[in-house]
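Worksheet: the structure to be examined is printed underneath.
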Amino acid sequence: MAEHPPLLDTAQILSSDISLLSAPIVSADGTQQVILVQVNPGEAFTIRREDGQFQCITGPAQVPMMSPNGSVPPIYVPPGYAPQVIEDNGVRRVVVVPQSPEFHPGGHTVIHRSPHPPLPGFIPVPTMMPPPPRHMYSPVTGAGDMATQYMPQYQSSQVYADVDAHSTHGRSNFRDERSSKTYERLQKKLKDRQGTQKDKMSSPPPSPQKCPSPISEHNGLIKGQNASGGNTGSARNRSGRGRSCTQVDPEMEEKDEETKAFEAFLSNIVKPVASDIQARTVLLTWSPPSSFINGEVNETAVPELFNYEVLVSSTGKEGKYRSVYIGEETSVTLNDLKPATDYHAKVQAESNSIKGIPSEAESFTTLSCEPDPPNAPRIANRTKNSLTLQWKAPSDNGSKIQSFILEWDEGKGNGEFCQCYMGSQKQFKITKLSPAMGCKFRLSAKNDYGVSDFSEEVLYYTSGCAPSVPASPVLTKAGVTWLSLQWTKPSGTPSDEGISYILEMEEETSGYGFKPKYDGEDLAYTVKNLRRSTKYKFKVIAYNSEGKSNPSEVVEFSTCPDKPGVPVKPSVKGKIHSHGFKITWDPPKDNGGAPINKYVVEMAEGSNGNKWDMIYSGTTREHLCDRLTPGCYYRLRVYCISDGGQSAVSESLLVQTPAVPPGPCLPPRLQGRPKAKEIQLRWGPPQVDGGSPISCYAVEMTPADKDEPRDVYQGSEVECTVGSLLPGKTYSFRLRAANRIGFGPFSEKYDITTAPGPPDQCRPPQVTCRSATCAQVNWEIPLSNGTDVTEYRLEWGGVEGSMQMCYCGPGLSCELKGLSPATTYYCRVQAMSVVGAGPFSEVVACVTPPSVPAIVTCLQEISDDDIEYPHYSPSTCLAISWKEPYDHGSEILAYSIDLGDKQPLTVGKMTSYIIDSLQPDTTYRIRIQALNSLGAGPFSHTIKLKTKPLPPDPPRLECVAFNHQNLKLKWGEGTPKTLSTDAVQYHLQMEDRNGRFVSLYRGPCHTYKVQRLSESTSYKFCIQACNEAGEGPLSQEYVFTTPKSLPAALKAPKIEKINDHICEITWEYLQPMKGDPVIYNLQVMVGKDSEFKQIYKGPDTSFRYSSLQLNCEYRFRVCAIRQCQDPTGHQDLVGPYSTTVFFISQRTEPPASSNKDSVDSARTRRTLSDEQCAAVILVVFAFFSILIAFIIQYFVIK
């Protein structure tokens, strides 16, 4: 409410949303001072004059006030604020600032707030203080005495990036060093006075009130004595730190610390800055959330991009906010705002579906502008000579509407308008008009910012006389029970004049005259519920507010007739003939109000036929149906046609014509070529079946030299074979068909001549066996049937049903050679002529005499796996098998095996034999022949077989490497790289707990590692060698014993410094190993020594080393020793040493530097952690696994 002080930044004051009071003290002489109260534009200051009346002074203005005692009087401020006296270049100013730790530099804005109440330090405050003045404009109503309360608007240049250069009245503000220090002291006092800590950067300062007071709103602006207090209360409720109105959100308590920290980071966002404020647009900019919270750096991971949501409210800071923007940009231009309206904007940050608390609200007010376009004026009253128009005021957009401008076209209708009224009234009466005169009007509003756009154009008419006689109604469409009528306006009637019409109707037979059927403003009407085919008279009367017109001329229209009813089902008149019949029918019972014009008869063929053909159309009610097919079904129906339309079809009549015998068939035809004794005939059905299906055919044959016909076929088939004919004879055939009525006429005759016949069947041939492999066949000449025999065919075979032709020629005998002894053969003979081949003779069987056996086949070696002979040795034996040959009629008695140089072997009747007593690794040529009582058969094919060498002896087995779990065995003199294709294979076996030897390894390698054994345990092994000759003998039993296991490697020892010369080394404890005690050996290497020295050996797990030297480097390591008690005596098993630990002795510093000593001590105790040791072991294990896999791949598989 006063001038912005130079000490406190204007942007800081404005961001707190309070009204300011700055009272510059003009004279500081200590007696009487004049205090100037600066009232900012848009604000008001209430004082009480000497006469006791209250006066409201609106800004911009300076109000001089006198201080009688020379001191600065107390300034009344609302709750949550405090007055501060600041001296600037000899001028003291009273500044109202908020009591909040949140009073910090922020965004820039312009605030128009409600004025403060009167200052009690200057004027007495009565009991009944009038309420402070309301806001000086309202964009909603736009009416009233707004001119006296108009508030000048700020321009967009009021928002600056440099706060020090901001001044409301254009005066430059300055800040010297003294004022800066004063400002810092003021900020510190405000924070100390507040006494509370803020939860988040976005939370407003706490309020001394328990609950926020109700906030009223007018035109989107907050009013009340302390709008900031309401905002504070709401923010405290959100953060859960209010006193009596506190609400705790249970979901916030369940969130983890990381989510809470990230929400706090997102909530640390500064309120947006409003710039470039126009009447309907504003530019909002903001910055991403800051990583500094309460002066500390937030270690929460900051994402690269944020999503921002801009919330805007026009109903006050505590009003309802709506989202106007969601995106990743840090600036947005808001459009479609209301002019001269207070808005409050917040921004809310979001990332990974986590939202922060919205920022503080940035308040701004849009600029005023010209009014909105008003609505078109409405007609309030009209007469024949005047029109009275009314209208409503539009939104004034922040400036009171000064006048309205009403224009009209003077009734000319040429589109040119002139002003007929300008003033502040909201109605106007235009006089001196003509009756039924049409005028166009438009309206605009004007304020201090200009003239609005014109409203829509409207056309209004003055009142006129009663309507003239309208034209007669016209029939547009007629139906059976309705008539659609249409009429026009009377001539010369204005288009906007409200005219109603009365439609009257008269029915000829009613006798009641005309009756109204319609009364309204429409120009068309459909009269319903009329009778069909009836005439009606109509007339129309027009009327308005001035009276009724004369009725129009009477017109007459008729409704349409209805379609007739369904005719009666047609019936047959007289007898039904095979080719026609007569039908008749009766007219429908209802003709639809019009005479029947014609009847239509339709007919469909078949009992279920749907293809209807029209066969009659006329006025008579009977019809002769002719040219029909006998024995066929016909369906007939009838319908009638009148002026009202076509009726539905009647029920169908089903009629069947009587059947007749079928018509003549076409002569039968020869199918294929005629044969000597039979012919094949085929025919088709007759063209006319007589109305009944063909059930039978009859074929009649007559020889050419005889006149005695006879039936050769009767049946339903369309083909037949006529046999028992003579070759070269002529025969006549004719055909007839029959149905259920009877046979039809014969067809024409068809002559066919048979072909010449082949020779007759020969008599059975005679077979004479000359030897076991040769036979003679003889036959006789058969009857030739009129043609000479040209050749004979002899078929011969060992199976009766599968004989092959072995001779073809004119001879009467044939000699067959190459026959099998003691075999049954079959033969037959056939004679042929130029006509064809005669039938074969009967089959004759003969048997050839016996002979020596046939050749032996399938001679082969028997596999070793298939031999079950216990004394078989592949080195001295050969096993052969063969297939038994044909014995040729004499039983096989024995077989002779030829081995080449050796004497042939004679064996009994068998098909396999093992030849023994052979030389190892020797090749033999073997063949075999069969023997019977008639002699020896031919030798079989020769095969070459070779005996295998003798199996090898077992190698010597020895143990080349061992530990407590593994034994590496070696045998033979093989090279390390042994191929899997080596001839010699080795089979290693080990004795199990049950005393049985189990297989460990079978392959060509000469070494094998036995794993997962028990320590200090004896195991028995044996081995045998194998090659293609077989498995060699087992070796003797070898006994190998595993040693005891060594202790495991210890972790790196821990070193703790006792003083400058003593340190304590500790290490982990190992459990006794299977009853054997464990002791420890501690070694140290001092300085640049190259060897470790033992400093302790015993069962303890710690040792104090007291020979430390200052600034000297020590290396410690420790190992475990297992003390074994064997029957042979005492034995120590030393385990691997632990990781070496480095230690540097340094002088102990005073206690003040205890932190540094702890750091140095920590540095001297750098050892590998358990995780690092596990990682190293895992890497080593992986390396050795890969190496072993490579060795197996290279030496074993390849």
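We count from 1, first residue shown onward.
Backbone N, Cα and C atoms are what each Cβ position is placed from, and that goes for glycine too.
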What Swiss-Prot calls phosphoserine, among SER114, SER203, is SER203
Going by what Swiss-Prot says, which of LYS384, LYS729, LYS1057 is noted as N6-acetyllysine? LYS384
Tell me which residue from SER67, SER207 Swiss-Prot records as phosphoserine. SER207
According to Swiss-Prot, which residue out of SER138, SER213 bears the annotation phosphoserine? SER213
Could you list the residues of the same chain, at least six apart in sequence, whose Cβ is under 8 A from the Cβ of LYS384 (N6-acetyllysine)? LEU433, SER434, PRO435, ALA436, THR462, SER463, GLY464
Secondary structure split (DSSP) over the domain 'Fibronectin type-III 4' (566-660) reads 0 helix, 43 strand, 52 coil
When DSSP is mapped onto helix/strand/coil, what comes out for LYS384 (N6-acetyllysine)? coil
